[in-house]
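According to Swiss-Prot, the protein carries these features:
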SIGNAL    1-18  signal peptide
DISULFID  Cys43-Cys109  disulfide bond
DISULFID  Cys51-Cys102  disulfide bond
DISULFID  Cys93-Cys129  disulfide bond
DISULFID  Cys118-Cys157  disulfide bond
DISULFID  Cys122-Cys146  disulfide bond
DOMAIN    186-502  domain 'Peptidase M14'
BINDING   His248, Glu251, His380  Zn(2+) binding site
CARBOHYD  Asn281  N-linked glycosylation site
ACT_SITE  Glu472  active site, proton donor/acceptor
REGION    595-629  region 'Disordered'
Amino acid sequence: MPPPLPLLLLTVLVVAAARPGCEFERNPAGECHRPPAADSATCVDLQLRTCSDAAYNHTTFPNLLQHRSWEVVEASSEYILLSVLHQLLEGQCNPDLRLLGCAVLAPRCEGGWVRRPCRHICEGLREVCQPAFDAIDMAWPYFLDCHRYFTREDEGCYDPLEKLRGGLEADEALPSGLPPTFIRFSHHSYAQMVRVLRRTASRCAHVARTYSIGRSFDGRELLVIEFSSRPGQHELMEPEVKLIGNIHGNEVAGREMLIYLAQYLCSEYLLGNPRIQRLLNTTRIHLLPSMNPDGYEVAAAEGAGYNGWTSGRQNAQNLDLNRNFPDLTSEYYRLAETRGARSDHIPIPQHYWWGKVAPETKAIMKWMQTIPFVLSASLHGGDLVVSYPFDFSKHPQEEKMFSPTPDEKMFKLLSRAYADVHPMMMDRSENRCGGNFLKRGSIINGADWYSFTGGMSDFNYLHTNCFEITVELGCVKFPPEEALYILWQHNKESLLNFVETVHRGIKGVVTDKFGKPVKNARISVKGIRHDITTAPDGDYWRLLPPGIHIVIAQAPGYAKVIKKVIIPARMKRAGRVDFILQPLGMGPKNFIHGLRRTGPHDPLGGASSLGEATEPDPLRARRQPSADGSKPWWWSYFTSLSTHRPRWLLKY
């Protein structure tokens, strides 16, 4: 006779209560390590090195995985995974994922109570970071299960990434009654900068987004805010512009100008400003306010007005980032002496990678290879002038020697676009900041000012299609806060006018006779020994000064096409010049390459600057799943564990 139902239920409950806790290793389905229902706990100091930058200082044992001591936590495969995530994912999603994991391994404890991390934070990170795990054939870690170890906002959760986001400080909060278009003209810490950029992108989500191009040596995100009618997508014949600030950590004016510019573009777009709406609907604009956030922290520690001339200039590796790019200018001068040799899109020499390359520098170079930038400006401080390439003298022994590029006329036009509408650059007073440049109209060839190698502007011009100028915003590298509003007023129109010059010259699409786009076709201009190449969609942009130009389009396997182009002096938009290439009967050998350069492996990955496929990346290749069923390459990180190896990371 079966027992009565209440007695049966009681028996089941007793057996379940007596059942020993399981280990995840034995139960991959995940039916173990469930957090205890009670949230009361005894708080202890947080002592995990990998979690030292968490937003709290106290935790408790057992943790949410039932680890009962520091020794058990540090010996666990979960903790080892957090320790090596940065290397495994090449900096992607880190430190975000690491801090998320810390919230499980070392839960937040306050006043004798455990606080759980928010589920929506976990879900948001998983959506963004899942592709990074898929790329290395690794399963999503079980202890980052958003439904098991995380909870809802209405249950009193907290944001484990709040320290990264930078909480809204009292002096950052906007006074009540002010419109959302209000801009606070103050210095921004790293956390405040990130918060403002993300908040701005959220307000203008239909025309803006933020994204990271990498991390600094100390792990800070190199955060970009983009403005476009279709954020995140390159549109056919829509030119790409980038503005970069704070390459030297103690030169902070450019950093603040770009933070203000981001807010201004968003606000004016929402207010219906026709100029800004037209600009964002026809241009894709990328703003990187701080290329050197680590150096900024050093400079900011001394404070505005007290900063030394060089304190914080370099990055955390003590590298000057504007001397850290490949020296392609020396190679250009050599090639310029060789008849028929191409002196544009010069590949990065292999020996460059033997030296110390900053992660910030590498991130910028990879960014350039990813997006077909047309125009760029790097914002500095310490003088009041606009300089343009070349920055390295054609005679290395000469520290000051006029060394023009083949596009000298266009670079002068771009520089004047900034300087001519800047009230202080046009000030005729001899006592003004940067008075030495008055007779030159506040613009100068870089090498004619002072010569140096490894600069970012020369690299842009010689490795890509992008034309970059350098803007010195003022003689004070770290201006006091009260000077920032005036500085913005002086530079706002110059910044807008400069960005608008990307719509000068010609643009178009190169296709074959079937209408298929021709990628990496060369666009040459007679009399200017510097070609540009078409983007993957076959579109191109050629910045040109007013005048009559003979333009040639050519590609391997096609006959060249020549067109005469007239650009009127008052033309404010790029003229459209399309090319249809006809195939050659004799094949690609009729295409004139100049000196063929088959450079060595490019550590940045992807296509080379000449558009040719590079050799396979051995690092990328090893990340593919093994056909023979052996363990993936990352398994070696966990072989030191005698037991409890993380089989839960394996997909097969």
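Just so it is clear, glycine is given a Cβ too, placed from its N, Cα and C backbone atoms.
Here the features listed in Swiss-Prot are placed on the structure.
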{"residue": "Cys43", "record": "disulfide bond", "Cβ neighbours (10 Å)": "17"}
{"residue": "Cys51", "record": "disulfide bond", "Cβ neighbours (10 Å)": "21"}
{"residue": "Cys93", "record": "disulfide bond", "Cβ neighbours (10 Å)": "21"}
{"residue": "Cys102", "record": "disulfide bond", "Cβ neighbours (10 Å)": "26"}
{"residue": "Cys122", "record": "disulfide bond", "Cβ neighbours (10 Å)": "24"}
{"residue": "Cys129", "record": "disulfide bond", "Cβ neighbours (10 Å)": "20"}
{"residue": "Cys157", "record": "disulfide bond", "Cβ neighbours (10 Å)": "20"}
{"residue": "His248", "record": "Zn(2+) binding site", "Cβ neighbours (10 Å)": "26"}
{"residue": "Asn281", "record": "N-linked glycosylation site", "Cβ neighbours (10 Å)": "14"}
{"residue": "Glu472", "record": "active site, proton donor/acceptor", "Cβ neighbours (10 Å)": "26"}
What is the Cβ neighbour count of Cys146 (disulfide bond) at a 10 Å cut-off, with all protein chains included? 19
Alpha-carbon distance [Cys102 (disulfide bond); the residue listed as 'N-linked glycosylation site'] in Å: 43
Counting distance between Cα atoms, which of the recorded positions His248, His380, Glu472 is nearest Cys118 (disulfide bond)? His248
For Cys118 (disulfide bond), list the number of other Cβ atoms lying within 10 Å of its Cβ atom. 23
Excluding near sequence neighbours, so keeping only residues 6 or more apart in the same chain, what lies with its CB under 8 A of His380 (Zn(2+) binding site)? Ile247, His248, Glu251, Gly254, Thr470, Val471, Glu472, Leu473
Cys43 (disulfide bond) to Cys51 (disulfide bond), Cα to Cα, whole Å, comes out at 16
Only counting partners 6 or more residues apart, tell me which same-chain residues put their Cβ under 8 Å from the Cβ of Cys109 (disulfide bond). Ala41, Thr42, Cys43, Val44, Tyr56, His58, Thr59, Thr60, Arg115
From the Cα of Cys93 (disulfide bond) across to the Cα of Cys102 (disulfide bond), what is the distance in angstrom? 14
Which are the residues of the chain, His248, Glu251, His380 excluded, whose CB is within 8 A of where the CB atoms of the Zn(2+) site average out, their centroid? Asn246, Ile247, Asn250, Gly254, Arg313, Asn322, Leu379, Gly381, Gly382, Lys477
DSSP on Cys51 (disulfide bond), three-state: which is it? helix
Rounded to an integer, what is the Cα-Cα distance in Å between Cys157 (disulfide bond) and Cys122 (disulfide bond)? 12
Count the Cβ atoms, other than its own, that fall within 10 Å of the Cβ of Glu251 (Zn(2+) binding site), considering every protein chain shown. 28
